[in-house]
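Per Swiss-Prot, the features are as follows:
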- L20, N27, K156: xanthine binding site (BINDING)
- A128, N129, G130, E131, A132: 5-phospho-alpha-D-ribose 1-diphosphate binding site (BINDING)
Amino acid sequence: MEKLQQRVKEDGVVIDGGILKVDSFLNHQIDPELMYEVGETIYNKYKDEGITKVLTIEASGIAPAIMTALKFKVPCLFAKKSVPSTLTEEVYHTDIHSYTKNKTSHVVVSKRFLSENDRVVIIDDFLANGEAALGLYNLVQQAGATCVGVGIVVEKSFQSGKQRLLDAGLDVTSLCEIAALDNGKVTLVGEGEL
């Protein structure tokens, strides 16, 4: 996705510790046209797979996930990082550690919304170590559903996440692959190569 890659290069802010801040279009302020293109790209990858549900984790995965679900014309389900008092039914649950926040969250989805009949695409805003996507995959497995693939908006290719997902047998589609975050600069995979 050339437009996404351009936005990451132009508007992304590199923070010490291998963190990329993209709050101007993805995880604080959202560019809906860009998120629509993200959803459309993921839809085109999995459109013949009988998708019945799009799954993400709150909060930054919701925008790309809902646009993906819109294209599929299926529900978007997001795992909650805390159990609200209104969630009184049985849930699937797992623990997910956030690389960026260095915090572990106990996440849940209602058993009413995820079943063995579902064919799921998992969406996440970032892929670093793969914890969020693997945690969501764990929820899919608990339900007996099928995970058709994982759509990632921004992948930090210099970290182990993608390999961990591939090792788990998952199909991974990354729309913007980052090779390095050095000296305040974003380097994309394939940049500078002949």
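In case you wondered, yes, glycine gets a Cβ from its N, Cα and C as well.
Overlay of Swiss-Prot annotations on the structure.
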{"residue": "L20", "record": "xanthine binding site", "DSSP (3 states)": "strand"}
{"residue": "N27", "record": "xanthine binding site", "DSSP (3 states)": "coil"}
{"residue": "A128", "record": "5-phospho-alpha-D-ribose 1-diphosphate binding site", "DSSP (3 states)": "coil"}
{"residue": "K156", "record": "xanthine binding site", "DSSP (3 states)": "strand"}
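Of the listed binding-site residues, namely L20, A128, A132, the sparsest CB environment within 10 A is found at L20.
Its Cβ taken as reference, G130 (5-phospho-alpha-D-ribose 1-diphosphate binding site) is surrounded by 26 other Cβ atoms within 10 Å in the chains shown.
Annotation: K156 carries the greatest number of neighbouring Cβ atoms among the binding-site residues N27, N129, E131, K156 [cut-off 10 Å, Cβ to Cβ].
Between the CA atoms of G130 (5-phospho-alpha-D-ribose 1-diphosphate binding site) and K156 (xanthine binding site) there is a gap of 10 Å, rounded to the nearest whole number. A132 (5-phospho-alpha-D-ribose 1-diphosphate binding site) sits 14 Å from K156 (xanthine binding site), taking the Cα positions as reference.
Closest to A128 (5-phospho-alpha-D-ribose 1-diphosphate binding site) by Cα-Cα distance, out of the binding-site residues L20, N27, K156, is K156. When the binding-site residues L20, N27, K156 are ranked by how far their Cα is from the Cα of E131 (5-phospho-alpha-D-ribose 1-diphosphate binding site), K156 comes first. For the binding-site residues L20, N27, K156, a Cα to Cα distance of within 10 angstroms from N129 (5-phospho-alpha-D-ribose 1-diphosphate binding site) holds for K156. Annotated xanthine site L20, N27, K156; additional same-chain residues within 8 Å of its Cβ mean position, judged by their own Cβ, are G12, I19, K21, V22, L26, T100, D125, F126, A128, V154, I178.
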